[in-house]
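Asks: Supplied in structure tokens, the structure appears directly below.
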Ligand SMILES: Nc1ncnc2c1ncn2[C@@H]1O[C@H](COP(=O)(O)OP(=O)(O)OP(=O)(O)O)[C@@H](O)[C@H]1O
Ligand SMILES: [Mg+2]
């Protein structure tokens, strides 16, 4: 088995430690930025839903500002975002390069995307259900945590899966600022050194991650929706 | 006695883009404790908007909302939430939370309250028993029929022991038999718990079944109101009559009656009339009285008598025949006897 792989993908085997490290970097970037972008995006998404016209805490100025910010950051291509927010990144994590330096742009790039997804998921909760909860005296906290998030849970898992997958996609660009990861491995090792088997193997690993995330997500959705 | 609900000069105006909708216009309504107050009207009449004002799901543009003596508009957010707990509401589409079990749906309104977990549990069990759904406690809404879902919604609405229950088309999505069982449930809650009920519907049958008072809405206004008996036996507005007729099937019968040959060509001295009367007026036999006192013969073409609140309400379509003077006297007398007389057809002018 091992010899078979060694025959088909000689460079993968000879660069094995680099492959392991890159995989670790991708997982690290995805998880850390995913957690932060998830929290920020969730809060933003909820804020958008409750402040929008007809929301439970409708507030036009707040909504307008949040809406504009989300749109703005969603329109900036990630590769440009990496450069543009450099100073901010340095302020937050002390560096603009390496795996850590790429976390901030990943979060900034991903959170608005997730916020929109969360907003759409929560808007799918029937207004009648919100109204029924209001009619029995539920306050804003109760409406957010016991109604919106609870009723929207299956959809939230779905959009989280989409977001994590797109985040894995973003991490592949980390190489530009020396952030490593599988994207970097595929391009700067596999592609530029003509070690095609490494490119292929990196792609395979990314695909496995994507399918894994999708599979786990689908399983959770099935488990929690009624 | 202080009214349970006292709406004074309520206006609700919506501004949509460049359109202004006066959904509710100058509506005043008093609902007494223990009433089952029906509000009927066609789609868009403003019924939902009006009742949503009662628990401030809709803020009125102007007017006062006084529920159980509290002016709802001056309440602080927290007080308003407390006031809302005393006003249960049920909806056409049930609005249950799909991701919660039946028991959890019913428990939802209790979560912010003072009850301990154990007490909440017992309360939910009691409520489910009340709506006869104890065996569904651990099911999810998607596993229930429409009628069962509405029962859950009723249990939820009753969780905080409200004094008022608002039903916004709660039976509109249900079949007639299920509708009846839900209406009977509301009626028994009214009788056993003294619950005041506001029942919105566009089905007059539902009103007839349980309401003691009715208001008819059109274009944001209440155009007619009164006790069920009054309205049914002496409707004044055309719309009210339309609603009544949809429930007595008289309007289905009328075209057939009018198509009959002898009705198409009424003889001189004949007149086709519709009579509506209420039990108290009919101790004296109506039809035979006409003949005895006025020598006016009555040929009954259509009749519908139903019992509303233990009182018979009759609707008859009859051809009256007699001399012109006698006919006039007879009609006059019917009117003074509180029978509503509507002339449907008179013979065409003799053309000779
Ligand atoms: N939130 C809103 N914004 C704008 N217009 C509204 C709003 N709610 C209701 N309307 C309008 O107000 C009018 C009355 O609506 P409402 O829902 O009260 O009628 P209804 O009598 O309950 O009708 P239905 O029998 O169809 O439920 C309608 O013309 C409707 O379009
Ligand atoms: Mg309505």
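Cβ coordinates are placed from backbone N, Cα and C, and glycine is handled just like the others.
According to TrEMBL, the domain 'ABC transmembrane type-1' annotation covers A:23-217. Sequence annotations record features per position, and here TrEMBL assigns transmembrane segment to A:27-50, A:71-89, A:95-115, A:156-178, A:198-221.
Relative to the rest of the structure, where do these features sit?
Replies: Listed by sequence, the residues of this chain that lie at least six past the ends of the transmembrane segment (A:27-50) yet keep a Cβ under 8 A from its Cβ atoms are 56-58, 62-63, 66-67, 70, 99, 102-103, 106-107, 110-119, 121-123, 140, 143-144, 148-149, 160, 163-164, 167-168, 171, 174, 179, 181, 209.
For the transmembrane segment (A:71-89), the residues of the chain that approach it from at least six positions outside its boundaries are 95-96, 101-102, 104-105, 108-109, 111-113, 116, 170, 173, 176-177, judged by C-beta separation under 8 angstroms.
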Asks: Who are the chain neighbours of the transmembrane segment (A:156-178) in space, where the CB to CB distance is under 8 Å and they lie at least 6 residues beyond its ends?
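Replies: Sequence-distant neighbours of the transmembrane segment (A:156-178): 25-26, 29-30, 33-34, 37-38, 41, 78-79, 82, 96-99, 101-102, 106, 109-110, 113-114, 117-118, 120-122, 149, 184, 186-188, 206, 209-210, 213-214, 217-218, 220-221, 224.
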